[in-house]
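The structure appears right after this line, and notes come after that.
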Amino acid sequence: GLFQSYAVEVDIKDASNATCLYADWMMRFLITYESNNGDYKTTTLNLSSSVTHNGSVCGNDTQATLVAVQFGEGHSWSINITKNSETYQGDFITLTYNTNDTAVFPDAKRKGPVTVLVKDPLHPVQLNTVFVCHNSYFIEAENITQIFWNVTVQAFVQNDTVSKKESRCPADIPTSAPTVPPTVANVTTASTTTLSPAPTTAPKPVENPDTGNYSLKSGNKTCFLATLGLQLNVSQDKPLLININPKTTITDGACGNTTATLKLNDGNSTLIGF
């Protein structure tokens, strides 16, 4: 769907009015909540045009940097950033959303602020280096997906000067040529200008996925039942086929009066929702 989101720019100063952290990024949140009639709905929480960063503080060798932003009708987001002698790294991300905001949660059963804490999964960044990520990346926890893009951030800025040295996120780094050719379904137009060398050996075909039985209970009653073999064809960076193994897949979700959500987690960072 269409959405309106705004960029956040934070320039935190220390006691001498020198920049200790600079950040500029965009983000939005997908939140699943229970409505008054027992259904589970997913809504999009975007940044508003007016964003404050009250409570943000510089860090040091013993205290974490805190980037805190407030937006909309009682929503807030923050991240703690710590450092050692060589690198800095995000620690915990805290999102508080307010279901009293009827524009975003028009029929929420639970009213008031809800806080979710998640560990920042990104790798450490060298000191005096700017972390940059233009492409989108996602952080999932509980019933929330946090989406970030156009990110530029440097914590523990030295000498009041943001560095020109960059550390790129994996999503921004070009990948090597695919080792598995795309399927016929993915091919739309043959290239007439650049041809890759033919592989010397044919790739090993991917076997059909095993069939699994997945169920979801509400109390003692089964509200969701699925029997299927599941294979994903991912071609965002390079063609990749993934078989979901029923033996190692964890089932989760929720049942409502008129809707049910089934979540499958294969233990390898692959999450699928029905």
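Cβ atoms are placed via backbone N, Cα and C, with glycine included.
Since the structure is predicted, the reported quantities are computational estimates derived from the model, not experimental observations.
Here TrEMBL flags Cys133-Cys169 as disulfide bond. Taking all protein chains in view, 20 other C-beta atoms sit within 10 angstroms of the C-beta of Cys133 (disulfide bond).
The helix, strand and coil residue counts that DSSP assigns across the domain 'Lysosome-associated membrane glycoprotein 2-like luminal' (209-271) are 3 helix, 38 strand, 22 coil. For 209-271, the entry in TrEMBL reads domain 'Lysosome-associated membrane glycoprotein 2-like luminal'.
Other Cβ atoms within 10 Å of the Cβ of Cys169 (disulfide bond) number 18 in total over all chains.
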